[in-house]
Amino acid sequence: MIQTQTQQQQQQQEEDEEQNQTQNQNQQQRNMLPKRIILVRHGESQGNLDTSAYTTTPDHKIPLTSQGIAQARRCGSLLNNLVSSGGSSQNYRVYFYVSPYERTRSTLREIGRSFSKNRIIGVREECRIREQDFGNFQVRERMSRIKETRERFGRFYYRFPEGESAADVFDRVSSFLESLWRDIDLNRLQNDPSQELNLIIISHGLASRVFLMKWFKWTVEQFEHLNNPENCDLRVMQLGQGGDYSLAIHHTEEELIEWGLSPEMIADQKWRACANKGEWNEKCPWYLDEFFDNLPDSEDDVRKCEGEFFDAADSAFESS
């Protein structure tokens, strides 16, 4: 009896040690992950103010307006306050990715004024997060007709003449995401695990929307209902306690509704805030119910449904 009790105690101790080891490994992995991935749309550009600018200036050379510069400066202050937890955190670092366009580079330059050099561990220009290509110089009247056609055709699949569709942007942003994860996994960002890493991606409205679409596995139909971010708006994906990222940690439900997220999408964001990384959200409707009608709950139900279907089909065939 004593020996059996001792063996049980040893077994329980081994299980506890294994569990603690797993928890420590998971914690180490979480420590290597960025605390936040923040998407920032550029400040107001000359093209946002007056679309005729695109008729004489290449899209990638469109500059910020004075208002856009002021927006970027305020955005930098907001970002600094966010990643420093209002100044209470002294252990944060930031790493920037930026589209090569003039308006995004200028936005980064103004945002950077809010950070000291020792807080910035790196910056990288990334062509794959550039603006959707609308096709060289843009004639206002022609573009107006083309955009009307896009609304009828669908924003995701419509390809601009001599340009790109949102689906094309999705493909290159997906490639960027794969590279981003390799950088994180291999610690190419040279992040000290004791520091809070924040990735800040300064890009464009569409690129930000398809980034979120790819990350959270949103459908094309859900993408079609998303609203474009305003100039210098933020989309903050924050690491939850279980190692998954969520928009619902930093942002309110009202904000998510304003962006065009459905109640189901918002519920999934709230679930992700507490979920363990890699878990499957069985209550997420577009993973299964979006694609199937009334899936049977068991194998017996499958056989019952098949029997009813084929019996009805046979009866219909015989009556014909």
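One is the number of the first residue shown, and numbering goes on along the chain from there.
Using N, Cα and C of the backbone, Cβ positions are placed for all residues, glycine too.
Annotations in TrEMBL come from automatic prediction, not curation.
Feature list (source: TrEMBL):
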- 1-12: compositional bias 'Low complexity' (COMPBIAS)
- 1-31: region 'Disordered' (REGION)
- 20-29: compositional bias 'Low complexity' (COMPBIAS)
- Arg41, His42, Gly43, Glu44, Ser45, Gln46, Gly47, Asn48, Arg103: substrate binding site (BINDING)
- His42: active site, tele-phosphohistidine intermediate (ACT_SITE)
- Glu131: active site, proton donor/acceptor (ACT_SITE)
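Scoring each of the recorded positions (Arg41, His42, Gly43, Gly47) by how many neighbouring Cβ atoms lie within 10 Å, the top position goes to His42.
Across the structure, Gly47 (substrate binding site) and the residue listed as 'active site, proton donor/acceptor' are spaced 13 Å apart at their Cα atoms. Annotated substrate site Arg41, His42, Gly43, Glu44, Ser45, Gln46, Gly47, Asn48, Arg103; additional same-chain residues within 8 Å of its Cβ mean position, judged by their own Cβ, are Leu49, Ile62, Leu64, Thr65, Gly68, Thr107, Asn231. Put simply, Glu131 (active site, proton donor/acceptor) is 11 Å from His42 (active site, tele-phosphohistidine intermediate) when counted between their Cα atoms. Each of the binding-site residues Ser45, Arg103 was assessed for Cβ neighbours inside 10 Å, and the highest tally belongs to Arg103. When the Cα atoms are compared, Gly43 (substrate binding site) and the residue listed as 'active site, proton donor/acceptor' turn out to be 14 Å apart. The number of other CB atoms found within 10 A of the CB of Glu131 (active site, proton donor/acceptor), across every protein chain shown, is 23. Among the record's substrate binders, Arg41, His42, Gly43, Glu44, Ser45, Gln46, Gly47, Asn48, Arg103, no two C-alpha atoms are more than 15 Å apart, and one pair sits at exactly that spread. It is 10 Å from the Cα atom of Glu131 (active site, proton donor/acceptor) to that of Arg41 (substrate binding site).
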